[in-house]
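Participant: This is the structure I want to talk about, given as structure tokens.
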């Protein structure tokens, strides 16, 4: 047997559970794959061809920037010692003494059923918990990006990502997961209905308002450039969600199993309901619609995945495939406010509406025995099961009000501060051209191995009126002299 597996080595302290550690690292990797490459591929494919590179890069940049900010200050603002009832004290998490110690969330103290004081302390090192929670923070910012694709100034986005992580995401995470006031009050967010989906949807809509709309031609016609590749990204998102909800109990336990099953049941149900409504209302099934239905199902089940019975997961799926469909396809077109705000991928509907719906349904359908498996508060139950369930539903609504209010406030302040130094929206010439103007790169080589059109290289005589010397060189050819011509 390899020496690494011997129990008496310092690498295997007595508190370490190898199964829990292996599952948590696997779950973290699955959540990371949802972003890299899942949402990178989905965003690059679902937008117009001229925005494929920019959309993918926004997700790629956010993933890297969030990780560095997370280990420098963000993690302990979300899961460290209390600074305020809704915020932790920021500090780095880079020292080996800290990272190799047993994982714990210091402000999560609670009384167990026997009356003893406990704290959340999984059976693996802090390094595992830091990385697992990073992947949640990263995907939240990337989901938010879906609201401002195809027009946000890339430099403004680069400034926005770390600021929003520090001043918005960490507040929700500490309040609900890190031992903040909503946690101790008993608001339930199993795996991110509030912290991730409601936050990203509300912040995305707010950001879309301040950044402004896409170019008029993009708003009028915005076809995906590769539907099949979009499905590949969507598939990575769906499969990765098993780590998203399966990792929430912080252990490879029985609750993780039911959470994974419920997640997939709800997603499948929601996809089928959304597709059926498309057929009934529009006469044909939409592939993009099916993906949206999948996403709303995944977002909706997240706040209650390990706390509801599997028949309830079907109820979640029926409602997540219909209520967000109505809000996107019917109410959106009748609302002057929603029409005015250009939410590129409808993140408000697919994440804010679906996440809020899931949080409310959790307050209704959280099953008492399942709640006992992981929740600190005794006798927690949904209103459907009587007892104090009605109070739980009110707590869920109050928690939603806080998350909505904080995200509107913080996102607005952050963007107004950035606007003092960097324009939030791209200049008009970049909006017209897209990736080539913003990055000097294009997604697809449609001819000539991706070369820009240059008449000196492609057979035109020097006396031709199209000869490059007679036309101003394009500034978007990486410094090379040439022209860009629409043939």
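The backbone N, Cα and C atoms fix where each Cβ goes, glycine too.
For reference, TrEMBL lists these features for the protein:
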- 22-44: transmembrane segment (TRANSMEM)
- 22-444: domain 'Ammonium transporter AmtB-like' (DOMAIN)
- 56-78: transmembrane segment (TRANSMEM)
- 130-150: transmembrane segment (TRANSMEM)
- 157-178: transmembrane segment (TRANSMEM)
- 190-212: transmembrane segment (TRANSMEM)
- 224-244: transmembrane segment (TRANSMEM)
- 256-275: transmembrane segment (TRANSMEM)
- 287-305: transmembrane segment (TRANSMEM)
- 311-332: transmembrane segment (TRANSMEM)
- 344-366: transmembrane segment (TRANSMEM)
- 397-422: transmembrane segment (TRANSMEM)
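In the displayed structure, how are the listed features positioned relative to their neighbours?
Facilitator: Long-range Cβ contacts of the transmembrane segment (56-78) within its own chain (Cβ-Cβ under 8 Å, at least 6 residues beyond either end) map to 32, 35-36, 39-41, 43-44, 87-94, 130, 133-134, 137-138, 141-142, 145, 149, 152, 154, 157-158, 161-162, 165-166, 169-170, 173-174, 177-178, 439.
Only residues 6 or more beyond the boundaries of the transmembrane segment (130-150), in the same chain, are considered here, and those with a CB under 8 A from a CB of the stretch are 24-25, 27-28, 31-32, 34-35, 39, 43, 47-48, 51, 54-55, 58-59, 62-63, 66-67, 70-71, 74-75, 78-79, 93, 99, 157, 161, 164-165, 169, 173, 192, 195-197, 199-201, 203-205, 207-208, 211, 214-215, 218, 222, 244, 247, 343-345, 347-348, 351, 434.
Distant neighbours of the transmembrane segment (157-178): 58, 61-62, 65-66, 69-70, 73-74, 77-80, 85-88, 90, 105, 107-108, 133, 136-137, 140-141, 144-145, 148, 187, 189, 194-195, 199, 203, 207, 399, 402-403, 406-407, 410-411, 413-415, 417-418, 421-422; these residues of the same chain sit at least 6 beyond its ends, with a Cβ under 8 Å from one of its Cβ atoms.
Panel annotation: around the transmembrane segment (190-212), residues 136, 139-141, 143-148, 151-152, 156, 160, 164, 168-169, 172-173, 176-177, 244-245, 247-248, 259, 299-300, 302-307, 340-344, 347-356, 358-359, 362, 399-400, 403-404, 407-408, 410-412, 415-416, 419, 424-425 of the same chain, lying at least six beyond its termini, place a Cβ under 8 Å from a Cβ of the stretch.
Under 8 Å from some Cβ of the transmembrane segment (344-366) lie the Cβ atoms of residues 43, 46-47, 143-144, 146-150, 188-190, 192-194, 196-198, 200-202, 204-205, 208, 214, 222, 292, 295-297, 299-304, 307-309, 312, 315-316, 319-320, 323-324, 327-328, 332, 338, 380-385, 389, 392-397, 399-400, all in the same chain and six or more residues away from its ends.
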